[in-house]
Amino acid sequence: MDPAGNPATGTARVKRGMAEMLKGGVIMDVVTPEQARIAEGAGAVAVMALERVPADIRAQGGVSRMSDPDMIEGIIAAVTIPVMAKVRIGHFVEAQILQTLGVDYIDESEVLTPADYAHHIDKWNFTVPFVCGATNLGEALRRISEGAAMIRSKGEAGTGDVSNATTHMRAIGGEIRRLTSMSEDELFVAAKELQAPYELVAEVARAGKLPVTLFTAGGIATPADAAMMMQLGAEGVFVGSGIFKSGAPEHRAAAIVKATTFFDDPDVLAKVSRGLGEAMVGINVDEIAVGHRLAQRGW
């Protein structure tokens, strides 16, 4: 409640609380209302509405922008779970449009073509919670200082190769653990190295975790991938091309949801990994020229 007794909306506490509600779940990319219904039926906690999944964006090239409002509204109408949508890095007007459309979360995404190579969106100006990607702790803290309510380790979207997701999750976790052993004067140096506000760095050092929910993304294509990322410290999973670019998407979606819930139970993981058909063929991250890697977008 605010001082006048009205419900608090758009505050950091409210927005972070909305992101916390998704913990332990799977968020799936969908391009049609039918896919959204499949995702909801499989147990997804939210869907990401976009016109092309990352694998298609990578294959087709060109400039990728915010999805058509009619398409987004069609998906909002098709499901009862929260709906996210992506905007280009720095494109605050796309974010204004999505907020007006009534999406539940906005993803300032490196998967789309950046609109601004120097500035990210000032997310404090919005009542809708934002999700942002990060490859390391400094990047995560900078996004949080701009108002992000959820961080996802980036991985390399649209590849089906989970190696970058593990690299980024381990980097964030390792840097957090390093902070927890530092003295106060060392934290000032760390804040300078991380290019992040000292207050946030000190908060992470005290808590041993980020002050917002940490999901993982990029290259997750199997139940085992999802479970591994959860064991590495993720609090939930984004799955993009890995479901609807694979065989038997309904079964694969449900299996990934179950693997995310029972990530530390090998018996369950073995059971849900059976009979899923062929996983997406994908592409090895090492085969992608550095200049074409999506994870490097942002700063």
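Glycine is treated like the rest: Cβ placed from N, Cα and C.
Residues annotated as D-ribose 5-phosphate binding site in Swiss-Prot, with sequence analysis given as evidence: Asp29, Gly158, Gly219, Gly240, Ser241.
If you look up Swiss-Prot, you'll see Lys86 marked as active site, schiff-base intermediate with D-ribose 5-phosphate. Around Lys86 (active site, schiff-base intermediate with D-ribose 5-phosphate), the C-beta neighbours below 8 angstroms that are at least 6 residues distant in the chain are Met48, Leu50, Met66, Ser67, Ile106, Asp107, Glu108, Ser109, Val111, Leu112.
Cβ neighbour count for Arg170 (D-glyceraldehyde 3-phosphate binding site) (all protein chains, 10 Å cutoff from its Cβ): 13. The D-glyceraldehyde 3-phosphate binding site annotation in Swiss-Prot covers Arg170.
The two recorded residues Asp29 (D-ribose 5-phosphate binding site) and Arg170 (D-glyceraldehyde 3-phosphate binding site) have their Cα atoms spaced 24 Å from each other.
Asp29 (D-ribose 5-phosphate binding site) is surrounded by 29 other CB atoms, counting those within 10 A of its CB over all protein chains shown. Under the three-state DSSP scheme, Arg170 (D-glyceraldehyde 3-phosphate binding site) falls in the helix class.
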